[in-house]
Amino acid sequence: MPFSNSSDLSPSFILASIPGLEAAQSWMAILLCSAYVLAVAGNCVVLLVVRMEPSLHAPMYFFLCMLAAIDLALATATVPRILSFYWFDTREISFGACLLQMFLIHTLSAIESTVLLAMAVDRYVAICHPLRHAAILTNAATAKIGLLAMARGVLFFLPLPLLLLPLPFCGSRVLSHSFCLHQDVMNLACANTTPSVVYGLTAILLVMGLDAVLICLSYILILKAVLRLVAWRERLKVFSTCIAHICVVLVFYVPLIGLSVVHRFGKDLAPLVHIIMGNIYILVPAVLNPIIYGVRTKQIQRRILSLIHVHD
């Protein structure tokens with residue numbers, strides 16, 4: 001569907017559908033809505049429990065609250081719009097709304113990556129320098145890290161929509177996902193997109209790529225410290241404090257890598273694959289993160305059970 005010359009300055013885009021699978025699209029909407037409700041409920045419970053439980057007023061759980069808030073924001077920035085498309089067939093999204101959604105998705109993902117790195121550093125200091133942990137990671141330092149994560153995400157990913165803003169869109173306007181991503185929108189431009197390609201790749205490498213490397217380095221140092229312990233029971237006890245964070249890192253980075261691979265090498269894949277991978281990237285971390293920390297943290301379990309008993 002080509003754009004007219006008059007619409008190049010303010011084009012609109014068409015969200016991806018599943019050709020010939022309208023029934024499956026309805027089922028996907030139900031699954032997506034259920035996952036969204038679980039994500040909202042789970043992350044709100046985490047925020048409430050950490051606020052109410054004094055023993056959880058520590059850097060690791062403050063970072064967990066940041067993670068929960070980011071997951072809530074990311075899911076809310078995308079899922080209601082996807083559901084309106086699935087249920088009411090509102091496939092068209094304006095250029096401005098698309099750029100805003102794209103900015104929120106990439107910025108919030110960058111903030112989440114930074115928070116995951118901060119949580120890895122917290123585990124490193126707690127295990128390798130336990131006597132200095134309270135002095136290094138104070139509440140004030142934790143708040144500053146949160147603000148730095150926000151500033152880093154905004155500064156690195158604000159140029160993405162600004163680079164797309166002046167580009168003409170004169171060819172197809174059908175996206176490959178049910179929401180807007182930089183790579184997806186950029187590929188629809190009928191002009192030189194080299195600056196967008198170079199900056200987008202640079203931003204990803206300097207944020208998510210660098211964070212992943214530093215997280216791996218933190219765990220290499222943690223593993224060395226753990227292996228210095230003589231007893232296996234002590235090793236397992238110390239390393240078990242990292243299990244929840246390792247799971248959360250995998251839940252974030254595996255869908256991110258999978259989506260990047262689909263964008264790079266999956267041009268011939270069925271539309272359903274792109275849509276499913278996109279939805280996994282948006283919702284799986286938001287759904288699983290509260291479950292992971294709820295299962296691994298006894299204080300969270302106890303507080304949730306006490307809240308249930310009070311309401312009974």
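Cβ atoms here come from the backbone N, Cα and C positions, even for glycine.
As recorded in TrEMBL:
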{"type": "DOMAIN", "residues": "42-293", "note": "domain 'G-protein coupled receptors family 1 profile'"}
{"type": "TRANSMEM", "residues": "27-49", "note": "transmembrane segment"}
{"type": "TRANSMEM", "residues": "61-83", "note": "transmembrane segment"}
{"type": "TRANSMEM", "residues": "103-125", "note": "transmembrane segment"}
{"type": "TRANSMEM", "residues": "145-169", "note": "transmembrane segment"}
{"type": "TRANSMEM", "residues": "197-222", "note": "transmembrane segment"}
{"type": "TRANSMEM", "residues": "243-266", "note": "transmembrane segment"}
{"type": "TRANSMEM", "residues": "272-295", "note": "transmembrane segment"}
Per-region confidence, the domain 'G-protein coupled receptors family 1 profile' (42-293) (mean pLDDT, whole number): 91
Interface present between the transmembrane segment (272-295) and the transmembrane segment (197-222) (three or more C-beta pairs under 8 A): no
Cβ-Cβ under 8 Å with the transmembrane segment (145-169): same-chain residues at least 6 beyond its ends: 3, 8, 11, 62-63, 66, 95, 99-100, 102-103, 106-111, 114-115, 118, 182, 185-186, 188-191, 193, 195-196, 199-200, 203, 206-207
